[in-house]
Structure formats: structure tokens, C-alpha cells
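According to Swiss-Prot, the compositional bias 'Basic and acidic residues' annotation covers 213-223. Residues or ranges marked as N-linked glycosylation site by Swiss-Prot: ASN364. What Swiss-Prot lists as topological domain 'Cytoplasmic' is 1-326, 398-411, 456-460, 510-572, 631-636, 690-703, 759-793. Summarising the annotation, Swiss-Prot assigns transmembrane segment to 327-347, 377-397, 412-432, 435-455, 461-481, 489-509, 573-593, 610-630, 637-657, 669-689, 704-724, 738-758 and lists sequence analysis as the type of evidence.
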Amino acid sequence: MNRKVGPVLEYSRRFSRVLCALRDEIRDPLQYGYQRVNTAEGSLSTSTTATSLDTIVLDTNAEDLASVPPRTLQHHQPQRTFSPILETDDTNPFLEPVEKAKSKSSLKSSRVSFDQEDDRFDEDENSFRKQREHFQKHKSHSTSEHKSQLIKELRHLLATDNRRQFQGKKHVSLDVKSAKVLEQLLKASSSSDDFEGQRKEFQERKHKSLDARHISFKFDKEPSPSSSDEDFEPSTSLLRIDADITKPVIIDLKDLDSSDEEDYISSRKHFQQSKSMSTDSRKSIRFLEMEMGTKEENMRTAVPFVRQITEEGKPKLEVYRPTTNPIYIWTQVLAALSVSLGSMVVGFSSAYTSPALVSMKDRNITSFEVTDQSGSWVGGIMPLAGLAGGILGGPMIEYLGRKNTILATATPFIISWLLIGCATHVAMVLVGRALSGLCVGIASLSLPVYLGETVQPEVRGTLGLLPTAFGNIGILLCFVAGKYLDWSGLAFLGAALPIPFLLLMFLIPETPRWYVSRNREDRARKALQWLRGRKADVEPELKGISKSHQDAERHASSSAMLDLLNKANLKPLLISLGLMFFQQLSGINAVIFYTVQIFQSAGSTIDEKLCTIIVGVVNFIATFIATVLIDRLGRKILLYISDVAMIITLMTLGTFFYMKNNGDDVSEIGWLPLAAFVVFVVGFSLGFGPIPWLMMGEILPGKIRGSAASVATAFNWSCTFVVTKTFADITASIGNHGAFWMFGSICIVGLLFVIVYVPETQGKSLEDIERKMMGRVRRMSSVANIKPLSFNM
């Protein structure tokens, strides 16, 4: 009975204490909280590790607490060290007070010192110690077995790394000793295929000794389980070199020590010297120097093949090759020659009025009357129609293509010359000249665009000047034929010139960039393959063209005119317009159109028709000189030379005519006009004649190239019309000397324009030029032209 009543009394006592505590807390919560804090501070253990209130520690006996009534317990609360608050459902027994020393000895590493003895802690501690000792023993046994394997793997990695470093350094040391063999092979080879075969056979023999599969590793010495990295001492040389250098190199891993650097370096040098001495006559490398304008870059065309083992176990070859294709010149020359024949027709048309007007005004030859006013229109209507042709040509090259636009001018050229040759009235001559001028405007726009998009940057300057050179051939042909033919026969000769041009245009492809703009990449690839050669890898260039087109599409607007007025596009357009302006305002077309009349007014002692022929020959020769120099000196240097030469000669001509008009005797210097004209034409043909047309196809962005070239061409022919139509009026008002001084002053301004605004485009791809002009350029060094190509054998 007492056993059953005891727990009930115990629970009732606990419940009464809880109620008392709650009552005190409700009456004065703040005071009760302070009391609890004070009692807690007093009850903390004096142990150095007891620093928190996480554990409740009792210093009194539970029996004493049980014998005290609840109210007495309340009054004596501050004298107690601490009184725990027990929940009603707490079934835990009261903790018996224990000695603090026992708690400290068993929980020295604990953060809080418990004043309670618990055998389970000692048991857990003993169990933990036993398990830890067992684990350490097990670990020592297991790691001793794996340690040897780990050391073996580490040494294997070290040997592999040292071998690869050694091979790489060995190849570098042998590079400079390898030029003679390939030269001998090249001289002894009958063809490029023969040379390639001998070179590959030589390289295969050469690299047998370098193949990673010929290197064996020896693991015959196993380290003891208790050994460490410090126990290994090198006893022999790192490398054992056989007498036959082509035999595999044995790297003995049992003798390998990463700290033995001196022994390794000595062995490597000895091996390198022996290898290079024994294979001096067989090792080869050839460096070809490729000249790109004024930049000379050494391009690697053959290097040692350093074999490395890939994860699949196959040897990996890494070679360095130029990223640009070798220049396959013949197809590009054919393309440039085909379109340049059209430029010859343009030159013939431009020079026609100079010899033809003299015979056309002769009533003994001509059945209709040609007045001075109608004669000026015969000379001036062609550039005016060229203005319309330039405007019309822009949409044509975008929708019909570059090639088809050029091809479309051949038949109208023939019709225009037949109209002039069969003319019975001056109106027929004017209609023929207008139709001819329309074709001239379209052709002068599309020819540089076609060549700029098909020719490689390395030869774009030279081949890009072929249209100008053939244009000067047309001028020379017109001057020479004009000495023997009248205006009608000269027109029939002009009708025959477009025939070879028409036939050759069927042989060349459309430009790859136009195909890409029309999403016809297969046709673009075929056209690029035709231009670069059958063996050329055209994929990188095709990807560059596609990327440039995509960039242009992202930055394009819905309106073509808005594209032209875009700030990024406006800069190259204004540069092109400026070059066209200073080209025509130099007075070149006034000189070409009225060469005979100028020499007649100068009173030169030399026959005026012979003078025109001399000027035409010099013009032709100077243009071919420019084709040689343009990729060596660059565009801007030739523009400087051209402008300075024109300034000097125009001022000299102005001074000569000024002296003549003032009545001074100039008979002793009658040769001066011809000499000045020759130097003027040479200067113009070197720079300001061909380069504005060439740079129009280079600096204009691809997205607006058609419309912008149309505007530039129309502007050029507008300036031509103004100069040729008003030249007679200008000379009548201010004299010949005033006209030439005016042209010379404009050339001075043109020189400043070139210095400040015109960029250099020599040796740059159209994509690089466009990124620079659009402000999206990323400068690359010449090393960017060489990149590693990896492939498996």
C-alpha cells in the first residue's frame, strides 16, 4: 500500500511546487526573473569549462526538498542555489548530488562540466577508444598495401610528364637544324605530290623513335609496405641510351626520383646531343616566308609531328598551319580579267569625245551640223546618264547579283555604239551617248564590288586595279584609233569591244557573299571553291562570310535609307564620297575629254593628236605601276604621292597659261604643257584614279554595299558631269590658268582629307575592315593567322 501511495504523494508535491512557481511568476514576473538569474549564477559550477546555462545542476538533496512545505519553499527560494522547473508529465527521477571531481575527470574535453555521474559515459568513452585503436590498426595495415601502388602511380605520372617535356624541348632544339633535307627533297621532286610523298615517308621514319608506344616502363622493384618517398635513392642514371638511337628509350621507374634534377638534366642533354648528332642529316623543318603587303610573316608549313597518346590510345598529332588558303591565282585572274574588259569599254566611252568631236564638227565628214553647244552636250550627257546608272545599279546588284548586273551592260553597250555609228542627226548621237553613259554608271558601280568580294586580301590591291588599267587601255585605244578613224568608224570599233567581255562573263561565278546574303550557302561554297582552287579548304572563309552577314543583319534597320544614315554606316559612306569628290574635282575628266582642245589653246609645238596618244600611253603605264606598288606601299602612301604630283603639275599648268595670256614668250617652253600633262596623268593614275573605286568595294559595309555604292557612283558621275559640262564656261570666265589653279587648290584640300580621314586597308579582309569601320573591331596580332589543328591518325 505504501508503495502505491508513495508515487502519488511524490507527484502531488511536484504539482504543488509548479503551481507556486507559476503564481510567483504571475504576481511579479520581473522580480521572479531576476531571482532565477541570481540563483542560476550561484549554482554554476566553478569548473573552468562551465560557461553556459545549458545544464541544470542541483546542490541540494531531493529528500530535503520533499520535506519542506510549498509555502516555506517559496520563502526560502533565494537561499537555494537553484530550483528546477519540472513539467507535470516529467517522469525522470531526481538527480542525486555527486562530487564535482568525478564529473571533471570523465569529461575534461567537454564544454560544460556536469556534476552527475553516469557509467554510460565511461563505457562510451572506453568503447570509442577501443574502436579508434582498432580503426588505426586497420588503417595502417590497409594503407601500407595501397601506399606502394600510390607511389608507383605517382612515379608513372612523373615519368610521363618528364618524357613529354623532354620530347617537346628536344623538338625545339632540333627545329633549326632541319632546313636542308626538305630543300633537297623539293629540288629532287618532280611535282608537289612527289614532294609530299617523300616528306611524309621521311617524317614517318623520323618519328618512329619518338612514338610514345615505343617507350616501356619497368616496375620490377616493388617498394616495401613501410617505405615512403624519402626511402628511394637513385642508384643509376635516369635514362639508358642504346647505341641505336631509333630503339625505344627505357625509363626505369625504380630509379626515378623527382628531386634528382641534376641527373635528369644531364641525362636529357646527353640524349639530346647524341640524337641530334646522329640524325643531323635526317631531321628537317622548313619555314616559308610569305609577304603580305609591307608585312612579312613567317608561316609554318612543316613542323615535327610530336605524338601524344590520347585517352583512346591513339597518337595525337598537333601541327601548325596557316589559317588562310594558299593563293590560287589563275581563277582569280580570270575573274578580274573578265570584268576588266567591261572597264575597257567604259574607258573607251569616256575618251570618245576628245578625238571624235574634231571630226564630228567637220561638215565635210558629217552630214549634220554639230554646234559648240550640242558638242558640249555630246561630252556632258554621258556622265549625266552615268549618274542615273549609278542610282539604278545599286538595287540591281542586290537583287540580280553582281555578275548578272555586269553582264546586263554588255548588250546595251553594243546598241549604244551602233546608234552613234549610224547616226543621221545629232539627236541619235545624244541618245547613243546617254545609253552608253547609263551602262558606264552601272558598270563602274558593280565592277569594284565584284572584285572586292571575290579576290583574296593578299592580291586584292593588284587585281583590284585591273579594271582601272583596262580602262586606261580603252582610253589609249580611243586616242590611237582617233588619229586614223573619224567619229563614225570610232563608234563601230567601240561596238566590237563588248563582245569578248560578254563571252568571258559566262565563265566566272557569282560572288560568294551575294549567295550568302540570299541564304544559298551551297552555291556560295561552290563559287568559293572555284575561286580558291579545288584543294583549298573554304569552310573557314565561308563561316567568316556568314558571320559577317549575320552581324550586319542584326544591326540592320527596316529601311535602306535609314541604314545609310546610321552613324556607323555614315562614316565609310562619307569617306567614299570624299574620295570621289576629290577624284573628279582634280580636273582629270576635263583633261581627258578636252585633251586636243587644251593642247591647241596651249600653242604647243607638238602635234595635238600625238600629244593625246602620249598622254594615253603614260596613263596606261602608270596604272600598271600602281598595280605593283599598291600591295607594297599601301593605299594611303599612293594617295599622298598622287595628290602631291597633281598639285605641282596643276599649279605649273596654271602658271604657263597665265604667262601665255599675259603676252609672255613661251615658245621656248612649248614642251612644258605636255610634260606637265604626263606627270599629272602619272600622278592621277598612281592613286586618285584607281584607289577611290577600289576602296569603295572595301570600306563600305556588306549590308549597305549595294545602296551605298550606288550613292557613291551617282555622286562621282554628278561631279564628272559638272566638271565636263562647265569646263568650257569656267575657262571662258577665269581663263585656263584660273581653272587649273582652282583644281590645284582643291587637290590641296584633298591631301588633308586623306591624311585625316582615309583608313589603310592593305592586307585586311573585308570582314576586318567592316568591323573596324563599324566600331566592333578586335585587334589581332599576326599570330592569329596561325592556329593548331589537331587530328588523330
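Each Cβ is built from the backbone N, Cα and C atoms, and glycine gets one as well.
Of the two recorded stretches, the transmembrane segment (738-758) does not lie close to the transmembrane segment (377-397), with fewer than three CB pairs under 8 Å once pairs fewer than 6 apart in sequence are set aside. If you count C-beta pairs under 8 angstroms between the transmembrane segment (637-657) and each of 327-347, 461-481, 610-630, 669-689, 704-724, the highest count goes to 669-689.
Under DSSP, the residues of the topological domain 'Cytoplasmic' (398-411) split into helix, strand and coil as follows: 10 helix, 0 strand, 4 coil. Counting Cβ pairs under 8 Å that are 6 or more residues apart, the transmembrane segment (461-481) and the transmembrane segment (327-347) reach 3 or more and are in contact.
Residues 293-294, 458-462, 691, 694-695, 754, 758, 760-763 of the same chain lie 6 or more positions beyond the ends of the topological domain 'Cytoplasmic' (631-636) yet place their CB under 8 Å from a CB of it. Note: the stretches the transmembrane segment (435-455) and the transmembrane segment (327-347) are in contact (3+ CB pairs below 8 A, sequence gap of 6 or more). Counting only same-chain residues 6+ beyond the ends of the transmembrane segment (327-347), those with a CB under 8 A from a CB of the stretch are 406, 409-410, 413, 439-440, 443-444, 447, 450-451, 454-456, 458-459, 463-464, 466-475, 477-478, 494, 497-498, 500-501, 504-505, 507-509, 530-533, 536. Within its own chain, the transmembrane segment (610-630) is flanked in space by residues 351, 354-355, 461-462, 464-466, 468-469, 472-473, 475-476, 478-480, 482-483, 591, 595-596, 599, 604, 638, 673-674, 677-678, 681-687, 689-691, 694, 762, which lie at least six positions past its ends and keep a Cβ under 8 Å from the stretch.
Nonlocal intrachain contacts for the topological domain 'Cytoplasmic' (398-411), taken as residues 6+ away from its ends with a CB within less than 8 angstroms of a stretch CB, comprise 339, 342, 439, 442-443, 446-447, 449-450, 453, 498, 501-502, 505-506, 508-511, 514, 706-707.
Here the listed stretches are 377-397, 412-432, 669-689, and the one with the most C-beta pairs under 8 angstroms to the transmembrane segment (704-724) is 377-397. Listed by sequence, the residues of this chain that lie at least six past the ends of the transmembrane segment (412-432) yet keep a Cβ under 8 A from its Cβ atoms are 345, 349, 360, 367-370, 374, 377-378, 381, 438-439, 487-489, 491-492, 494-495, 497-499. In the three-state DSSP scheme, the residue listed as 'N-linked glycosylation site' is classed as coil.
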